[in-house]
Amino acid sequence: VEDSVSNGALCQCGAVRDDHASAALGDYFSTAIVNHWESVQHSSEQPTDAFGEVQFAGASKRHSHFLRLSWSTEPSLVYNILTTIWGLPTPNLVVSVVGGNSRTQIKTWVREILRQGLVKASQSTGAWILTTGLRERLGQCVGQAVRDHAAAASSVSLNKVVALGIAPWGVVEKREQLVNPQGSFPARYYVQNISQESCYLDNNYQAFLLVDDGSVGRKGGEIGFRARLEEYISHQRTGIWGSGSIDIPVVCMLISGGTDMLKRMDLSLKNSIPWLVLAGSGGLADFLSDVLENLSPAPAVQSSGEGDSEAGPSVDLKDRVAERFKKHFPSEAKTEKLVEWAFSIYQNRGLITVYHGEQESPNDFDTVLLKTLVGASKQRASVDASPYSDELKLAVTWNRVDIAKSELFNGDIQWKYKDLEDSMTDALINDKPQFVRLFTENGLNIMQYLTYGRLETLYRSVPDGTVLYQLLQHCLEERLGNMASAQPSSEQQSSSSKVAVSKVLKLLMGDVCQPFYYKALSLELTSFNRTAMKRASTILRGYSVYQQQRCPHPWASLFLWAVLQNRSEMALFFWEMAGEAVLSALGGCKILRELSKREDETETKLSMKELAQKFENLAHDIFSSCYRSDENRSFSLLIRKSPVWGHSTCLQMGVSADARLFFSNDGVQSLLSEIWWGDMKRNTEIWKLLLTFFCPILCYTNLITFRNRNDQLEEEEKMLMEDELDQDTDSLYGTTVCSYSDIKHEVDSKGHRSGAIKGVPQRPPQSPFIVSRWRQFWFAPVTSFLGNVLMYFLFLFLFAYVLLVDFKPPPPSGPTGTECVLYFWVFTIVCEEIRQTLFLGTTWTQSFRLYIQDVWNKCDLTAISLFIVGLICRMFHRSHEFGRDVLCLDYMVFTIRLIHIFAIHKQLGPKLIIVGKMMKDVFFFLFFLGVWVLAYGVANQALIYTYDPNPNRIFLRVFYMPYLHIFGYGSSIEEEMDVGRELNCTDNVTLIESGEEPCRNQDSNWLVVILLVVYLLVTNILLINLVIAMFSYTFSEVQEHSDTYWKFQRYNLIVEYHSRPSLAPPFIILSHIKVFIKRVIRKVPSVKIHHFVLDLEPKAANRLSTWETIQKEDFLTARNKIQKSSDSERLKRMSAKIDDVLKRLTESKEFEHRLQAQMEHYSTVLNWVVDILAQGSTFKPPRPPPALRDSLPSSSRSTGFQP
């Protein structure tokens, strides 16, 4: 379509005539004459030839994405490219900046609004900024603001400012540098450094969408596509994978602008896109602010015609709009269509907000954006909707808790539960703990909120790629795989997350507690099998009923959910709200440490370990506070069974979580010492204990001091009398089971475990002094330990005697009586190991799994297995010697097992940890040493002996002799050089193959010496000193925390000997027979199995939990007070106060400026009134006007009434 201005040289599309294809130049329209070029009719689409990444040569090292696309491209496809392929974060807000008049410069205060207001608000809300992306006017100002923000912001800022340029392809300078049909990765884009503004791409933008409508050099070709993209984005959901509660808010910001923006603005307003007009920026923005603020709709005038009454005010308003339009744009010729667009914009004024940026602070620009969107949402909101719900959802989406506190939760609004429900879910899923805390403090009932259905929704929102997501998927696939009989429906798959969560927690927690959520799924407390899966599927078929069930422990469930996702601040808040602070902290520590073992990313692994250590510190500090407050209650707290945490206790959870710091607490050690010594005083000397052990009659003397049980009962009754003053007897916390007297008291009081735990302590029947004192001594764990150690030494002496002196040939010559005693002794040890295995768990598999986890149990299992093998082999003539060798090796294992007794000693106990860690260092050292031994040994053998096929000599010379060289043994250098000393050697290959000693090679002796020197240098100096340094580091590291290591190691030993019978092998067989009769035949339940578990009645458990909660709150209050009194917190508060004062001063100055402007306006109006009245003769004043002050201008003094 020829352009008449260019005399046919150019087309109306802006391109040169010769650039068009031949089809476009031919006359195929016959007599038809085309006067106007249209993109729809006169252009065709082709596959894009410009896409990829662009690198701005000489300007920035960062690459930006770009894409040339047609103006008719679907916005859904473009949005998917932006978020999925290019990886831009999903926006919480989209600000489309339009306008900019090419004839006027951008004002300074407008630049400040863009830099301090728009970009800062975009960073705090996670917004996208849409402009043309060109280095001209408005696009360049936004790019510079983004650049300044990127230079000042932290590199670890959560929300980066995303600037997106949408420009017409035909106006981009040097666009041919971007063309590459195969894609450019990257395309080098050269920008000329010119002072004036140009249409080059701005290097401060992250991505560019270059819209091609077929025109060249014509602006505005991208307007239609940009409006459609904004409309599409406004219908997408915010949050992670669209999990937010609202659509992505989109707001258009008008700065200056010409009349060509009226059509664009009218189109967006009809799509319900709100606009923010920056008054005072010039151009169209000033016209619209004038119309919207100063033009009020005229009231309807009653007339004779019905049609006139409706059209009259509309016509009058339209005329006034046209009048103001001519005032602001006097040079516009064709104004009819423009006035219609302006009037249509005025009719949608509810979606427009006028912002006087010159008079207001740019720091509050995010609040202005929020009010703009809220005002627009109120125009679209239904009658039943809360007028503040949209504002709350926007504040949650932007994570602006300060706005929510100051505007929404200041006490003026009465929030209902239904208004906070969706926002609470949004805050939980998108990790906004401050809002969760705010909602909880302002009327959200967590018991009503958290149902099993909503908890499953939270677990289904877990982001992909996390460890929790992978574990859930694995467990879900296993469950669906077990349902092979029928194809599972999508509803069942969606409801499977609770079963998967239960399996994940079971995997992480192990056997320390019972599985979670079994009661809700009506599953038995067994391992997951096909029957359990079918049962779960049956329950989940009633999905709607199951969804509505409320979680009995909502805060604990949310705490588990937050910990599994490694959300630090959220988990700490839920821990504060949940009960059982000590056990919850240890449970979180356990889960995080197990997750860190499965995490591959180093940074995430480190954050998990740090959060786990933080929870362990909290458990230690809070229990210290509890122990200082009440010793007996703190003991009950340690061994109390928790229904929330699968009937686990603090001690069990601490051991499973490897919480060494927690076990180093004085309160924990005090309980363990009390259990260890039983009814004996803890300061009893060892020599008194040994003397009484060998002379039991001394236990009836005063050599060892025992606790008086009657005095203890009197103290308990006194405490009970004090409690009865305020509460009933059911509130008693119970006493800790520490000794045999406690156990006997429980059994004798009611026949079962209820006396000291479930009710009032009652005096047990008095046993004879002889019986009670005997039991008090021999039933103490320390006595059992001492007996086992002494008998174990006797066992090792017997074993050594059999091997060295009394080991006879196979039957019928042997074995001897001494050897048979040894076999019986080992048999009693085997019986004890079987009893220990059955004691640990509820099922065979669980018991064996717990048994095999202990290192010393593995040592016992190895020793017993070797003994059985040696015993079988020594009974036969062929394998007699082999059996003896195995028994000799087994004696070493039994002797090494003796090291375990050192764990109870405060000085020797940490040395076991040191030895264990050094063994790991030895393996690394042996690896390096093996490399050098192999290298030197093979080379040395090959150089000295040209041919020697004997494998024994090869092994001896390749491995054994180089190893001896390290310690100075083996052949010396003189022997290596003297190759003629072998008298009985030969070079005959036949004799060598028959076993004769080969002669040494005389040609390579010099090289052998060099290799020996290098080998000794590396091994004796480098590697030996390396292992010494490793040992020194390990020793210093463990020795620094030796007390903590010993206290943690001591627990397992106390538990082991506390559960053991009083008699040691081989006499322990008598205890085993007694246990078998009581447990198997008489079906009497074990009492000792509950020594470390306290089962409280509900009222007593609630009282104990309340006391623990009070201690936790006191601890947190004291900690917060210490933090507030620190210098850093004082500086923060002082800085906040100074900022508030400066803000108020700025507001007062702005108010003063506005007041001064209004006063000047009023003064001008009054002067005008005076002048008008002075010109007329109707009114005669009785007296002259008052004289003006000297501060007024002199021209004003002459103004007055003429007499």
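Using N, Cα and C of the backbone, Cβ positions are placed for all residues, glycine too.
What TrEMBL says about a protein is an automatic prediction, not a curated fact.
TrEMBL lists 1192-1203 with the feature compositional bias 'Polar residues'.
The annotation domain 'TRPM-like' is assigned in TrEMBL to 407-664.
Residues or ranges marked as region 'Disordered' in TrEMBL: 1179-1203.
Only residues 6 or more beyond the boundaries of the transmembrane segment (777-804), in the same chain, are considered here, and those with a CB under 8 A from a CB of the stretch are 675-680, 689-690, 692-693, 696, 699, 704, 706, 739-740, 816, 818-819, 821-822, 825, 884, 887-888, 891, 894-895, 898, 901, 904, 1053-1054, 1057-1058, 1060-1066. Here TrEMBL flags 777-804 (among others) as transmembrane segment.
Same-chain residues lying 6 or more positions outside the transmembrane segment (855-874) and placing a CB less than 8 Å from one of its CB atoms are 810, 815, 823, 826, 829-830, 833, 836, 880, 882-887, 889-890, 893-894, 896-897, 900, 916. What TrEMBL records for 855-874 (among others) is transmembrane segment.
Annotation source TrEMBL lists transmembrane segment at 886-904 (among others).
If you look up TrEMBL, you'll see 924-947 (among others) marked as transmembrane segment.
Under the heading transmembrane segment, TrEMBL lists 954-973 (among others).
According to TrEMBL, the transmembrane segment annotation covers 1006-1031 (among others). Non-local neighbours of the transmembrane segment (1006-1031) in the same chain are 918, 921-922, 924-925, 928-929, 932-933, 936, 939-940, 943-944, 962, 965-966, 973, 976-977; each lies 6+ residues outside the stretch with a CB under 8 Å from one of its CB atoms.
For the transmembrane segment (886-904), same-chain residues at least 6 beyond its ends with a Cβ under 8 Å from one of its own Cβ atoms are 785, 789, 792-793, 795-796, 799-800, 803, 856, 859-860, 862-863, 866-867, 869-871, 873-874, 911-912, 915, 1046, 1049-1050, 1052-1053.
Listed by sequence, the residues of this chain that lie at least six past the ends of the transmembrane segment (924-947) yet keep a Cβ under 8 A from its Cβ atoms are 954, 957-959, 961-963, 976, 979, 989, 992, 998, 1000-1001, 1004, 1007-1008, 1011-1012, 1015, 1018-1019, 1023, 1026-1027, 1030. Model confidence over the domain 'TRPM-like' (407-664) is summarised by a mean pLDDT of 83.
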